[in-house]
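Okay, so here's the structure we're looking at.
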Amino acid sequence: IAKEVAKLLEMKAQLGGDEGKHKFVLKTPKGTRDYSPKQMAIRERVFNAIITCFKRHGAEVIDTPVFELKETLTGKYGEDSKLIYDLKDQGGELLSLRYDLTVPFARYLAMNKITNIKRYHIAKVYRRDNPAMTRGRYREFYQCDFDIAGQFDPMIPDAECLKIVHEILSDLQLGDFLIKVNDRRILDGMFAVCGVPDSKFRTICSSVDKLDKMPWEEVRSEMVGEKGLSPEAADHIGEYVQLHGGLDLIEQLLQDPKLSQNKLAKEGLGDMKLLFEYLTLFGITGKISFDLSLARGLDYYTGVIFEAVLLQPENDHVEEPVSVGSVAGGGRYDGLVGMFDPKGRKVPCVGVSIGIERIFSILEQRASEEKIRTTETQVLVASAQKKLLEERLKLISELWNAGIKAEVLYKKNPKLLNQLQYCEDTGIPLVAIVGEQELKDGVVKLRVVATREEVNVRRESLVEEIRMRTSRP
């Protein structure tokens, strides 16, 4: 089809017409979007909250290229690999756009022989998905990742990752949320005791992962119908994956005659118990649920996995609050760095990714009513009479040099009313007015836009006065 379309376009170009005028299709590519100043203001606020949290926990920051060698990304994502964007061959290298920030991080660790780092990375990633823009699913979107790499005692870094998710979601005030936790070893142990053949673990895992979007009946028929699992094994899995709870459930499963016999499941449950003890010390277990249906489709997880979902408030018709969708996810991936290391040296890692786009669309909907400032200008330098452009430029230069955020209207003789109106429209809190009399007296008239109160300030004290009046309480 693409070839035929190209031929037709070529013929059309040869025919000419429209007097050589080219009509552009004015749209962004499917699954991408532009951000207006208002949207960017909200977005920056969210980024700042997230970065502040990452820094509070002692993380360093790194960056990696937006594309990687294709082989770096191949085989790391399970069934999602079909969503990787491949680029055309350039100079003999087969490249793909990065799909997430975790695999590039593992490549970075192996390449630089790093065995110990706590880092965050905020950058765009790319997925050749069928985008559902309304639900915050895009082909190009930001990820905000925090990871701890290194050999440590079990579950201490894992507990910190969950604490970070709790801090960020509480700080952004998105409403009620729940962090679901499970462990790949518990899942694999459960699959084994339910009679799932080893070769089907991963593919059955990605079916279980759909339980938050599909009812159990549909997931079961996918397992049996499409993936060839025996109905008995599927029913057996069904008994487990519908369980969720806290420490009590962990204790109950540790006593489970089948699961407790499985080495993997037993290890996973032991660590899960330890994790819940640490989360109790952090005081956040109220928002954490040990959930056996949580699977997370990615192939590289080896231990604890978790996902945070926002809950819609309960209403009269629904007993349990419903999930609006995932806003953060992560887990432990102890084998990924070893895949890249020539000697296969392993670096244990655990990390979390904050789903900024979903968070952002929620805050954006909320902000549609409020007036949001898109600049940080503290003061407009204005004049009340004509022929004072030079004085305005001199004063604004002094303010800029002192680090004050200031603007001036780009007209020689703007009317005072227009200058004040500009402040109203853009939310600038102060106006510094220069006039002939003020110049003689060595003062500047400072006007507070909201209250219209005016004070004369000595020119040498102006910077201090502006700082004092605009510093956030």
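The count begins at 1 with the first shown residue.
Including glycine, each Cβ sits where the backbone N, Cα and C put it.
Residues annotated as domain 'Aminoacyl-transfer RNA synthetases class-II family profile' in TrEMBL: 31-363.
Cβ neighbour count for TYR301 (L-histidine binding site): 26 (other Cβ atoms within 10 Å of its Cβ, all protein chains included). According to TrEMBL, the feature L-histidine binding site maps to ASP100, LEU101, THR102, ARG127, GLN143, ASP147, ARG296, TYR300, TYR301.
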Would you count the other C-beta atoms found within 10 angstroms of the C-beta of GLN143 (L-histidine binding site) for me?
19
Using a 10 Å cut-off on CB atoms, tell me which of the binding-site residues ASP100, THR102, ARG296 is the least crowded.
ASP100
